[in-house]
Amino acid sequence: MNEERFKTKKEEIMAAIKESGFRMTRQRDLIVATVLERIEKEDIAPGMQEILTSVQELDPSIGMATIYRTVEVLSKLGFISLIDQGEGFNRVTLNQGDITIHAFCRNCGKSISIPNEKDLVDSIRELTLCDEFTLLPQAFKICGICDDCRSKGVSLEDLPPGRGRGMGRRCRRRRGYKED
Ligand SMILES: [Zn+2]
């Protein structure tokens, strides 16, 4: 995202927050900017602790409760999704429209671009073409291990216990691999 688009997105979010009646303070403004920057400029789906660390570098007086409240408002307004990958915390991702697909590294949180994402979203939207089903706005999550982490030797076994890892074990068992 270039600087101009980043500024526009930030202004759009700030305006919606003000309109919702949520009181914007300098601290909350800083949190929104930090969340956006991490996601859009660094391609990271940050967890709450990461957001806190980044924000506290700019203002050490900001606490976790303020982060949670601000993130909750962003989520209620539909700008972000909180993604639970069984890591024991939620990662924050930005919604792109009514249907969003978030793919990211389960180890470092780096966003992974999906080839033909638009086609994929269109395929999901086609579900609404059948009369028996109305699709709700929602975010789909896909997790994996990014190139960087893989080249550093991170494997499925290194990930903290959680859904991602458990799924791997079940898959291996189903395929008849020996359990370690
Ligand atoms: Zn990674």
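Glycine residues also receive a Cβ, built from the backbone N, Cα and C atoms like all the rest.
According to TrEMBL, the feature Zn(2+) binding site maps to Cys105, Cys108, Cys146, Cys149. Per TrEMBL, the feature region 'Disordered' maps to 160-180. Positions annotated as compositional bias 'Basic residues' by TrEMBL: 166-180.
Within the same chain, the residues at least 6 positions away from Cys149 (Zn(2+) binding site) whose Cβ sits under 8 Å from its Cβ are Cys105, Asn107, Cys108, Lys110, listed in sequence order. Secondary structure from DSSP puts Cys108 (Zn(2+) binding site) in coil. Considering only the binding-site residues Cys105, Cys108, Cys146, the Cβ with the fewest other Cβ atoms within 10 Å is that of Cys108. Summary of the Zn(2+) site environment: with the site residues Cys105, Cys108, Cys146, Cys149 set aside, the chain residues having Cβ atoms within 8 Å of the Cβ mean position are Phe104, Arg106, Asn107, Gly109, Lys110, Ile145, Asp147, Asp148, Arg150, Val154.
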